[in-house]
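These notes are about the structure you will find just below.
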């Protein structure tokens with residue numbers, strides 16, 4: 001046979017010219033399959049978007065939205081955008097501001113504008129609410145009248161602040177949660193004075209407290225899960241109920257019962273006093289100790305369950321083999337058993353950490369003012385002061401940090417998995 | 001079939017229109033129980049209309065959402081003064097026509113405002129358990145005296161009240177408190193005073209906490225709402241109240257903007273503010289009536305327990321809600337930063 005005949009396509013197989021048609025048919029079938037599966041999961045997808053993504057995105061967008069000034073004083077905002085910012089504006093801008101402030105007062109919106117401006121400087125609230133009274137009825141000579149009534153209207157920094165607040169988006173809230181502020185005069189970002197800085201501290205404290213609780217949970221949960229995994233099935237199930245029972249009890253009930261147990265006249269203090277171990281009651285509650293005890297107790301099941309599941313699947317013969325080859329039992333446990341539970345530790349610890357980071361009720365009830373975590377301030381801004389921008393910014397801050405941690409976690413576990421594979 | 005259905009629907013609508021009912025929202029607990037006895041039941045009994053009573057925690061977000069969407073489910077709400085003023089500024093409440101609500105001069109001046117009608121006066125006072133402390137503190141300065149009265153003391157976890165108390169403990173006269181607090185030096189002075197006591201303070205957030213802590217012995221003295229103390233006294237606890245430099249504020253009725261039952265709401269407020277009805281309220285919970293003529297109807301023993309008793313009122317200071325509206329957010333931020341250190 002010549003070389004040529006080998007190159008010829010064998011009979012019965014379609015020539016290359018026909019393959020696009022096949023590919024297309026394949027694609028059509030595939031497309032139909034995808035469409036069908038999309039249809040199947042469509043309700044779920046819509047549910048996730050409507051009930052999960054949409055609210056989260058709309059809340060988070062509040063941390064940069066700045067509609068109060070822009071929507072209520074549209075002409076002033078437009079004029080401020082044109083204004084150079086290097087010298088006091090002319091009479092026309094004063095008149096526009098005056099006219100729109102009066103209109104805003106009639107609509108009952110002036111308080112909204114004043115409230116937004118008071119975030120920049122508390123003296124703005126009065127400046128804005130009293131401004132309509134200063135404006136002459138004739139509508140002329142507004143500039144001298146306003147400056148005469150409130151000298152702050154003649155200051156350049158007042159107008160620079162107005163210009164900044166008039167833009168439809170703001171960095172104010174996101175800067176605030178990092179204790180930063182734009183200086184009215186220079187326009188630079190600067191740190192808040194030490195007696196006002198708060199949120200960086202709160203964030204670090206939140207991360208620190210979550211770390212401690214996670215370490216405590218791993219420290220207590222690991223031996224507990226190990227012990228449970230070693231028990232015969234019947235007894236393990238019974239003991240598991242003891243782990244799960246508090247897990248099924250309401251969070252508030254468990255937190256409140258810790259107050260009863262830990263307070264100075266509580267069960268634990270009275271028992272210690274009765275046994276003569278201490279002379280006067282220990283302060284176990286309304287401080288960080290109380291928060292740690294209670295959070296560790298509440299979050300313990302979240303690490304015991306994944307660890308128990310992993311440990312149940314580990315064959316005891318590996319450790320036995322290591323010992324029979326001459327390893328010390330502890331070394332065998334450490335070098336052979338523990339590495340096999342890494343996945344369980346990582347999953348459980350991550351779960352505990354992420355839940356601990358968002359804790360609200362327990363620190364609020366059991367902690368002092370210096371034990372409050374980020375979520376306390378989210379609730380404070382949402383309910384008490386109605387400053388939803390700050391609440392959203394704090395929420396975004398927490399979300400971004402958790403996402404970063406998660407990326408690090410995925411990287412680390414992937415590298416260790418790859419290292420194990422090689 | 002269609003006809004009967006239509007008739008049925010029509011009947012339901014007319015029925016609804018006949019029995020006009022008013023939705024009144026107040027703070028819950030013993031406060032609402034007393035309101036039920038003093039205002040809601042007598043109003044219905046007098047044939048003026050039915051009351052649909054509810055409770056809330058003072059969340060303005062809810063009212064704002066109602067007004068913004070035009071779905072007004074609440075007619076009359078109970079509010080503390082700063083929320084009343086903020087809501088009034090933001091246009092969440094109807095302007096009140098006082099000619100329909102009673103004689104303005106019958107009320108203490110603070111009870112009469114643009115959007116609100118005062119219901120009662122409550123006070124933040126110094127209290128202690130007399131069964132545990134034989135010689136108790138006499139004023140806020142004693143609150144700072146940890147030598148003579150060792151142990152923890154409780155204060156509300158907020159700048160409001162705490163700053164005033166600190167200044168009065170530092171010797172500022174009650175009539176000058178807000179003047180001093182309006183200056184940066186005054187604020188520094190209050191924080192410096194608080195620094196002295198900081199390790200001994202346990203912070204409370206809900207009104208029930210300080211009394212529980214007094215009973216359990218966690219704290220030796222505390223600031224607390226006088227009505228809560230009264231309720232605990234009725235249960236047999238021996239709590240003593242120090243009225244000197246107490247801080248008082250009002251709760252108010254307001255009509256939600258766009259209420260469909262505005263006329264009935266006005267009738268209800270006028271009815272609730274009558275002296276004989278405020279008397280029943282003050283007998284059920286020791287909060288002071290806003291109607292001056294009520295005092296004449298009350299038993300003198302009861303009257304002496306109220307924040308509005310002349311002796312008590314003379315030594316009290318009213319919360320300056322204008323001040324807190326303007327400086328509240330700044331001071332709370334600074335307070336939070338201070339408390340967290």
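Quick reminder: no glycine exception, Cβ is built from N, Cα and C everywhere.
Just so you know, TrEMBL annotations are computer predictions that nobody has curated.
According to TrEMBL, the feature region 'Disordered' maps to A:1-20.
Taken from TrEMBL, the feature compositional bias 'Pro residues' applies to A:8-18.
Among the features that TrEMBL reports, transmembrane segment is placed at A:37-60 (among others).
Per TrEMBL, the feature domain 'ABC transmembrane type-1' maps to A:203-409.
Sequence annotations record features per position, and here TrEMBL assigns transmembrane segment to A:207-229 (among others). Counting only same-chain residues 6+ beyond the ends of the transmembrane segment (A:207-229), those with a CB under 8 A from a CB of the stretch are 236, 239-240, 243, 288, 291-292, 295-296, 299-300, 302-304, 307-308, 311-312, 314, 341, 344-345, 348-349, 352-353, 356-357, 359, 363, 371, 373, 401.
For A:236-253 (among others), the entry in TrEMBL reads transmembrane segment. Long-range contacts of the transmembrane segment (A:236-253) within the same chain, counting only residues at least 6 positions beyond its ends with a Cβ under 8 Å from a Cβ of the stretch, are 224, 228-229, 297-298, 300-301, 304-305, 308, 361-362.
Non-local neighbours of the transmembrane segment (A:290-311) in the same chain are 209, 212-213, 216-218, 220-222, 224-226, 228-229, 240, 243-244, 246-247, 251, 254-255, 258-259, 262, 284, 340-341, 343-345, 347-349, 351-352, 355-356, 359, 362-363, 366-367, 371; each lies 6+ residues outside the stretch with a CB under 8 Å from one of its CB atoms. Feature annotation from TrEMBL assigns transmembrane segment to A:290-311 (among others).
Feature annotation from TrEMBL assigns transmembrane segment to A:345-366 (among others).
Summarising the annotation, TrEMBL assigns transmembrane segment to A:386-409 (among others).
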So what's near the transmembrane segment (A:345-366) in sequence-distant terms, Cβ-Cβ under 8 Å and 6+ beyond its ends? 206-207, 209-211, 213-214, 217-218, 221-222, 251-252, 255-256, 258-259, 262, 285-286, 290-291, 294-295, 298-299, 302-307, 372-376, 378-379, 398, 402, 405-406, 409, 413
